[in-house]
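A.B. asks: Sharing a structure with you now.
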């Protein structure tokens, strides 16, 4: 139930969100010759636009594909839900729709996080946590202002968590299945959910009947994945085309190989070799909340986040801060007490200029090649 306090807090979140969008997009629109083109051209947004326009029709992809170096099968890595939303609002223009959809789901994520923190940790300042989630992490700030699936993905993850707490397992499963339609990594959450219920039943913390009853709705997640693969069968003629996709992040044994790798995707990493400390910090920042959730006896969230975290250690990929973003709702929840402390959130607010400058520099760099329409 919404109270006046909730309405007031949500109004503040929306206001800060809008002011932030005006500031960033206004900078590009008024102070750069390219205007918003750099925002539109940021990867992976252009790839999702191709899917939105073609819905995986190979003939159409070959006809309009602005990136001839990418095979039509490359777009099987772009799962369909985000492109469908782009297409749904394409009457305002595909580029514009791409940004609007990302922004709307970013806002919805912060609002959902507000209610999640309210429910799990009433003593925390949920408003402050939600406001901080508009800006942090810096890599998140970038992806939620360009074309990307992360805003949609994180919103559905947060809904999945919220409904689980409310013991509405059907709605929780529906939200989780929507994560699967959004990004391939949705199936990893299913693995975490499965492991949780196996442990609960195996340790006799719940009866087999109760475990099956709660777990059964989550079969929607693999069904959603099967639906995507079935779509690919009719579009590409190959049910498993995604599994053959060269765009899938490189996973190599042993874990943490990225920290000693001298080449990534066959390309020398050059100076980046000496700057891998950011990857170590990324692992630490996201592993600490997993342990904290366990300490708080939020075992379900801790285990699901851990099952997602462990495969990330196998990625040989430079953009680790982005690949680990799906754990962010769990991290904000675990850190909510700390973030509520005045000294901590004041320092983070004072650091916002760093976030803006980093975002501008990254957006100006991470561009799809021309011509792009």
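Backbone N, Cα and C define each Cβ position, glycine as well.
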A.B. asks: Transmembrane segment per TrEMBL: which of the ranges 44-63, 184-203 is that?
C.D. replies: 184-203
A.B. asks: Give the range, chosen from 215-234, 235-254, that TrEMBL lists as transmembrane segment.
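C.D. replies: Checking TrEMBL against the ranges 215-234, 235-254, the transmembrane segment one is 215-234.
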A.B. asks: Looking at 261-277, 278-294, which one is transmembrane segment according to TrEMBL?
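C.D. replies: Here TrEMBL associates transmembrane segment with the stretch 278-294.
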A.B. asks: Based on Cβ pairs under 8 Å, which of the stretches 7-28, 75-92, 184-203, 215-234, 299-317 lies most in contact with the transmembrane segment (347-365)?
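C.D. replies: Against the transmembrane segment (347-365), the leading stretch is 7-28.
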A.B. asks: For the transmembrane segment (278-294), what are the same-chain contacts with Cβ under 8 Å, counting residues 6+ beyond its ends?
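C.D. replies: Sequence-remote neighbours of the transmembrane segment (278-294) are 137, 258-259, 301-302, 305-306, 309, 312-313, 320-321, 324, 327-328, 330-331, 333-335.
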A.B. asks: Below 8 angstroms Cβ to Cβ, which residues of this chain, lying six or more residues outside the transmembrane segment (99-117), approach it?
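C.D. replies: Long-range Cβ neighbours of the transmembrane segment (99-117): 9-10, 13-14, 17, 21, 36, 39-40, 45, 82, 85-86, 89, 92, 124, 126-127, 129-131, 133-134, 143-148, 151-152, 154-155, 158-159, 161-162, 165, 329, 332-333, 336.
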A.B. asks: Counting CB pairs under 8 Å, which listed stretch among 7-28, 184-203, 215-234, 299-317 touches the transmembrane segment (153-178) the most?
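C.D. replies: Between the stretches 7-28, 184-203, 215-234, 299-317, 215-234 has the largest tally.
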